[in-house]
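Engineer: According to TrEMBL, the feature transmembrane segment maps to 79-99, 119-138, 150-170, 176-196, 203-222, 234-254, 308-329, 349-371, 392-413, 419-439, 491-513. Annotation source TrEMBL lists domain 'Major facilitator superfamily (MFS) profile' at 81-553. Taken from TrEMBL, the feature region 'Disordered' covers 528-553.
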């Protein structure tokens, strides 16, 4: 399988030589820095491509090797990579949720309260929120594969002291380090940006978003069986086994996708083979230590938080997305209180999360025709800002209300017998539809609205989801149980319903006033001044590939 190795076989190298030669010219090695290189396109479309020379060294750019980069991978190869990414993202999110099924065992073995034991879940989510941002710059410089392998390795390593922990302090330290080690969507969604142009990546993004939210409910579904039949430490061992499996799968089946790294390799092969002795990749001309100065790193790490606090669109949509995700983790803690009223076993309580998963699946399938509708709208009105940007939120106008609807249904069917438990399942499924839809649509909108800044915009979104989920995990149970009175479950969920109404309103305000909000945004304004867009609204041709930052979950 070609994806099992990064160095192409001899026949592919010969083909590569021909492609590079046709783009750079037969006498690329004799070029003077002031020369421009004419590319006589063999496909019958003659175009002029210019290659910048630095100190007699030619820089190989994306437009010159477009058909050798992941953008041009076969569809089947792309979906093999996407499937592995799906499993990796599921594994990372499984780490955040499966731990909760070990709370009783941890509490009993270490002599702590259940509330104290919940800090193991909270600290992982909180550090995970920051870990995703910390890993991102390194994948740009050293490549996706190396960084993701390092992340998976460290996450797996830090699971071992947790599984063997002699005390709860060891559990907390291991969980904190494990969260910081998670690269998460800063790398996995970045790989999508490596393989797809912005105009064609919606289906791929939706698939990976499904794994991100799906891993959160897979934990309690599996955990019910683990909690019933195994020791609490198996909640950690299962994470480690799955994490080790996806790491090996990634090592064997996924090639490097970061374009700058691949350009370096192509240029090096061309020099070694004599095709272009003075051809160099972008990283070869810009030393890593120079590009990764402390100032650059701080600016890169700080931009998602700066945009989260200063960009109205990012703040509103990130809070909506974060609250929706935090709700799932709060429900993980509160489902025990709800379903104990019907005498559910631990296994049955775990299976009660299946409706949320079904909601995710329904929402994912519903987005597929919505993508086609959105593409038609962009094609018909290429000069309309609303068609190019806000139209991506159209389907969310219909699905976002599922959040308050699902919450109010769950709130007033969770009081126990004589009301049947089926009503709570319906409410949970509707909440699942909303949670997926909110995450998918907000990510898609930010990618389009912020272009080269989409990494930071979606980074703020992902940070809000993980951070809010972590912060609200610990007070979730006291919030429900301490309200008091016979209707404490109903009242608690009704409060969540009221909050969700305010947040869902942000979707409609963004849809209506999005152009106005973007004009008040310094980042969006900077993008509008520098952006060039095809009149057709289709994917840009190779000669106009942007250096888009990667997206983050």
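Cβ atoms here come from the backbone N, Cα and C positions, even for glycine.
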Engineer: Restricting attention to the domain 'Major facilitator superfamily (MFS) profile' (81-553), give the mean pLDDT.
Structural biologist: 85
Engineer: Quick test of the contact rule: Cβ under 8 Å, at least six residues beyond the ends. What residues does that give for the transmembrane segment (150-170)?
Structural biologist: 88, 91-92, 95, 106, 110, 112, 116-117, 120, 135, 177-178, 181-183, 187, 233, 236-237, 239-240, 243-244, 246-247, 250
Engineer: Given pairs 6 or more apart, does the transmembrane segment (176-196) have at least three Cβ pairs under 8 Å with the transmembrane segment (308-329)?
Structural biologist: no
Engineer: Answer yes if the transmembrane segment (349-371) and the transmembrane segment (203-222) have at least three CB pairs under 8 Å among residue pairs 6 or more apart in sequence, and no otherwise.
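Structural biologist: Answer yes: the transmembrane segment (349-371) meets the transmembrane segment (203-222) with 3 or more Cβ pairs below 8 Å.
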Engineer: Cβ under 8 Å to the transmembrane segment (491-513), counting only same-chain residues 6 or more beyond its ends: which ones?
Structural biologist: 313, 316-317, 319-320, 323-324, 327, 330, 334, 390, 393-394, 396-397, 400-401, 403-404, 407-408, 410-412, 414, 438, 441, 445, 479-480, 483, 485
Engineer: Using a Cβ cut-off under 8 Å, which residues of the same chain at least 6 positions beyond either end of the transmembrane segment (308-329) come close to it?
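Structural biologist: Residues 96-97, 121, 125, 213, 216-217, 356, 400, 403, 407, 431, 434-435, 438-439, 442, 445-446, 449-450, 457, 460-461, 463-473, 476, 496, 499-500, 503-504, 506-507, 509-510, 514, 517-518, 520-524 contact the transmembrane segment (308-329) from elsewhere in the chain.
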Engineer: I need to check the long-range neighbours of the transmembrane segment (419-439): which residues 6 or more away from its ends have a CB within less than 8 Å of a CB in the stretch?
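Structural biologist: Counting only partners 6 or more residues beyond its ends, the transmembrane segment (419-439) has Cβ contacts under 8 Å with 209-210, 212-213, 217, 320-321, 324-325, 327-328, 331, 338-339, 342, 344, 352-353, 355-360, 362-364, 366-367, 395-396, 399-403, 405-411, 413, 461, 465, 507.
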Engineer: Hey, which bits of the same chain come close to the transmembrane segment (79-99), Cβ under 8 Å, at least six residues off its ends?
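Structural biologist: Beyond its ends, the transmembrane segment (79-99) has Cβ neighbours at 3, 73, 120-121, 124-125, 128, 148, 152, 155, 159, 175, 178, 182, 184-185, 188, 191-192, 195, 204, 207-208, 210-220, 222-223, 226, 235-236, 238-239, 242-243, 246, 249-250, 253-255, 257, 329, 332, 466, 469, 553.
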